[in-house]
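A.B. asks: Pulled these from TrEMBL:
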DOMAIN    1-284  domain 'Glycosyl hydrolase family 59 catalytic'
ACT_SITE  133  active site, proton donor/acceptor
ACT_SITE  209  active site, nucleophile
DOMAIN    292-412  domain 'Glycosyl hydrolase family 59 central'
DOMAIN    448-622  domain 'Glycosyl hydrolase family 59 C-terminal lectin'
């Protein structure tokens, strides 16, 4: 759920961000886009909607991943697309928190997503994963391959198991049928190392999720080091960064752990961070289908290099000399090592040695990135002075630098005009959800943390509430982490202290249905169950509560409200300093509730359980 805010950017800024990510020979020029197959559950920084909320439901226009894949393909038709589920809708598990009891149902669900991508968006999915960082089922993987082939999807390759090297590598060695259907072993955060069993499978080895590090200069150093050393130390020929772009509220887990930052659609501000240019050192000068040359890429003075060729005479060499303290990733821990300034000599052999000398004068197209005095990375075209003599050349390498030597002439460090300055979230924000044909299924800036909140056309309403926001997940998903038992969507500025939140609410569930509005909400993402704040609840049985937590265990006030289901009511929550009060339909319902913690946080709305409910005319003044 890390691209949530990106879709809300106005033009031209949204297209500029997408250009930096996907446009060839412009910025990151990415080769691969891996997306979540939304499953209605929490997947790190929010929930993404499923294409099948319910067993008899199919909709291939929910969420933003379809849009993102099309924008990537529009810029680079050759980009590879990968789909991977983190969570699954509850009906997949038939009451169990497990997707493998009915493998035919799960395979049908995943293949529906692949077919929908093609039918509705003309997107060809290249690779499909099993279940992110959770157990795999050999029976399910075999059935998935069988069903893919049966549906004419032989070209879709299978990655397993998006967790650790083991036990998948061992199982592939002892199960020849499974070995025949898995194309790639994908490991997460391998620390540039692999295991012997993985090598023995003779499968492609990928770091199918890596990086996940704050995108400052240390994060850029982390990314530079692992892009090279995943191959040098671990024989991995693909490295996929989590995450693409930090387009989620920064105070959610792993804030700014993207290749660039675009978390202010209300202002248009974004920042092209250093990892974009580190990526370009590899992606602008190689392509999928190029081969790594089997060389010992460890430099004597520390650091590493890789060499790749297209098999047609072109050669690209990428060198990194990242020091320990300048290249620590978020995980795993990095053992101490030293890097010193050095003179490195490279020897060209085989067909590269035989190539006439003039061609290798093109190696003088040398890209260099270095740590500037202000700790900023610069990527520039530098004409280093060196000559190729008898197939050899030498370079003086400093520490914390990245070099690309290439026969290609295509590299560019492109830039757009400076985006608008950073601005906080508007302190007076309204949304009446009155949009007949919304471009996306979710309202701008709302970040769902449990459940899914979608635009809804209320055809039975006489007129005041035809267009609303509706919570639509009515069964607990097959979860990836500990989703809350309540649904919640957050919005606004995490630093807000005093605020007034107003919203029209409509409870659909009889007897034990309920909804809330909230302020000073302090948590989300994988930590959503522990969320604190000031929560104003009303229930279908005519009662209300004020609680200090999403779980509803810390009761600050309770009483009768007269609220009933299937009727519209207006709730107002006011928090000023250490005191809170609540209005129902414009009349004071409760006041003088003392609130001390948390001291700040987002505004939010949500439901008591996984139940249908509607919201309208949301307004926050902070």
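Placed from the backbone N, Cα and C atoms, the Cβ positions cover glycine too.
Neighbours and distances for these, please.
C.D. replies: Mean pLDDT of the predicted structure over the domain 'Glycosyl hydrolase family 59 catalytic' (1-284): 98.
Residue 133 (active site, proton donor/acceptor) counts 15 other C-beta atoms within 10 Å of its own C-beta, drawing on all protein chains shown.
Residue 209 (active site, nucleophile): 23 other CB atoms within 10 A of its CB, across all protein chains.
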